[in-house]
Amino acid sequence: MAISTLARRKATIFLSSRYLYNTCKYSFSITRGFASGSDENDVVVIGGGPGGYVAAIKAAQLGLKTTCIEKRGTLGGTCLNVGCIPSKALLHSSHMFHEAQHSFANHGVKFSSVEVDLPAMMGQKDKAVSNLTRGIEGLFKKNKVNYVKGYGKFLSPSEISVDTVEGGNSIVKGKNIIIATGSDVKGLPGITIDEKRIVSSTGALALTEIPKSLVVIGAGYIGLEMGSVWGRLGSEVTVVEFGPDIVPSMDGEVRKQFQRTLEKQKMKFMLKTKVVSVDTTGDGVKLTLEPASGGDQTTLEADVVLVSAGRVPFTSGLDLDKIGVEIDNAGRILVNERFATNVPGVHAIGDVIPGPMLAHKAEEDGVACVEFIAGKEGHVDYDMVPGVVYTHPEVASVGKTEEQVKALGVDYRVGKFPFLANSRAKAIDDAEGIVKVIAEKESDKILGVHIMSPNAGELIHEAVLALQYGASSEDIARTCHAHPTMSEALKEAAMATYDKPIHM
């Protein structure tokens with residue numbers, strides 16, 4: 001039997017410098033709100049997204065005088081205002097409509113008709129966003145964080161000039177400046193986003209009518225999620241992807257099953273395909289396409305085109321060159337293992353530094369960065385950051401894919417368990433999916449876990465904790481799981497990794 005992780009839990013706090021590259025997909029900003037910020041602060045945070053506002057609150061909790069500058073005028077950054085939160089609201093609402101159309105009758109719930117009230121659906125989304133942004137302002141007040149609304153730029157390593165939303169200007173001084181300005185939509189050459197017919201994720205969250213046809217450029221997390229929303233509501237969705245695969249960071253076996261599932265939901269895919277040009281002179285949008293490797297051109301028409309080709313660090317207008325902050329060729333700010341730039345007193349977290357662009361990792365960056373500033377030790381391990389695609393079923397993962405383990409030359413074992421053999425999934429008639437566990441052969445230490453299922457984003461955290469403490473697959477397999485639950489599928493997959501599952 002492998003040594004239980006429970007015997008190995010010595011809290012060694014480390015920061016993998018290899019991963020000190022971060023993510024925070026949220027807007028940077030600035031506005032004066034609760035106070036002027038004219039006196040010197042211990043910490044000034046530029047950006048009020050998940051990384052920025054969490055860093056500001058943590059700094060205040062550690063007794064540091066803190067000011068947060070946010071240009072948007074509402075806290076929460078891209079994630080809360082035009083990203084993670086509104087998209088999940090629409091994903092849930094559209095899923096309810098789809099279930100009413102296609103699944104309720106199987107459960108004995110019947111009605112003559114069901115229709116979409118798009119304004120009401122958008123209203124529910126907007127209400128959720130508004131309540132949450134106000135909630136962060138309340139947390140700022142509770143923790144005595146000074147909130148300045150406006151656009152900030154460096155005058156010196158310790159001074160930020162803020163053009164406030166009211167039209168004025170103020171100077172905010174700080175011993176330590178944290179850049180948490182997030183990321184922005186990555187554009188494509190020759191394609192102009194007007195947020196009407198050619199939209200970014202922001203525009204896709206605010207369409208005023210359901211398009212008959214939607215083309216999504218890019219088969220990543222955001223494109224597939226937004227494609228799912230509008231597909232459920234009635235749009236014909238075609239995803240155009242330059243690469244050979246959807247979600248290239250996903251485990252290959254799980255990815256193939258995921259794509260088949262989306263295709264059953266009538267989502268079409270054109271992989272290894274390049275968008276040559278986009279014509280908006282007519283009523284709709286006409287795309288000219290060609291194979292990524294070259295070849296004959298074809299055309300594709302749509303009512304709306306969603307550009308979802310990724311995101312880029314947002315550092316425009318910060319005047320980083322004025323103070324000499326180093327950036328790489330991709331525009332990302334370079335930091336060391338303590339999130340410090342090459343300029344003393346200037347730090348950076350989230351999407352503006354290298355690494356996965358995820359809200360929850362930006363939050364961890366923010367906490368660790370502030371802990372370092374306060375003379376404590378921070379802790380972030382980017383190998384332990386879970387990723388989730390919030391479609392239905394969801395796909396969640398943590399650790400390494402099978403392809404990555406093979407590339408490392410590590411001897412490993414794989415255990416899998418389908419949700420078709422899970423009693424809870426069968427009971428609720430929602431059993432499409434699989435759990436895949438990858439463990440090192442000799443030690444049985446878990447290297448990666450990949451889940452495709454309803455609520456996979458909730459199930460993955462048991463695996464995150466297991467990886468964090470170096471657990472073996474036997475550790476999970478010998479842990480009692482409540483019955484009947486979806487989480488039993490992870491237990492069975494772990495059993496299949498080191499021995500044999502019971503229910504398959």
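Backbone N, Cα and C define each Cβ position, glycine as well.
Just so you know, TrEMBL annotations are computer predictions that nobody has curated.
Marked as domain 'FAD/NAD(P)-binding' by TrEMBL: 42-366.
Annotated disulfide bond per TrEMBL: CYS79-CYS84, in sequence order.
For LYS88, GLY152, THR181, GLY182, SER183, ASP351, MET357, LEU358, ALA359, HIS360, the entry in TrEMBL reads FAD binding site. Taking all protein chains in view, 15 other C-beta atoms sit within 10 angstroms of the C-beta of LYS88 (FAD binding site).
The NAD(+) binding site annotation in TrEMBL covers GLY218, ALA219, GLY220, TYR221, ILE222, GLY223, LEU224, GLU225, GLU241, GLY310.
Under the heading domain 'Pyridine nucleotide-disulphide oxidoreductase dimerisation', TrEMBL lists 385-494.
Sequence-distant neighbours of HIS483 (active site, proton acceptor) (same chain, six or more apart, CB under 8 Å from its CB) are SER423, listed in sequence order. The active site, proton acceptor annotation in TrEMBL covers HIS483.
Comparing the Cα of THR181 (FAD binding site) with the Cα of every entry in CYS84, GLY218, GLY220, ILE222, GLU241, these being the recorded positions, the smallest distance points to CYS84. Fewest other C-beta atoms within 10 angstroms, among the binding-site residues THR181, SER183, are seen around SER183. Here the candidates are the binding-site residues LYS88, SER183, MET357, ALA359, and by Cα distance the one nearest LEU224 (NAD(+) binding site) turns out to be LYS88. For the NAD(+) site listed in the record, the two most distant Cα atoms among GLY218, ALA219, GLY220, TYR221, ILE222, GLY223, LEU224, GLU225, GLU241, GLY310 lie 15 Å apart. When the domain 'Pyridine nucleotide-disulphide oxidoreductase dimerisation' (385-494) is classified with DSSP, helix, strand and coil residues number 40 helix, 33 strand, 37 coil. Closest to ALA359 (FAD binding site) in space, going by CA atoms and restricting to the recorded positions CYS84, GLY220, ILE222, GLU241, is CYS84. Between the CA atoms of GLY220 (NAD(+) binding site) and SER183 (FAD binding site) there is a gap of 16 Å.
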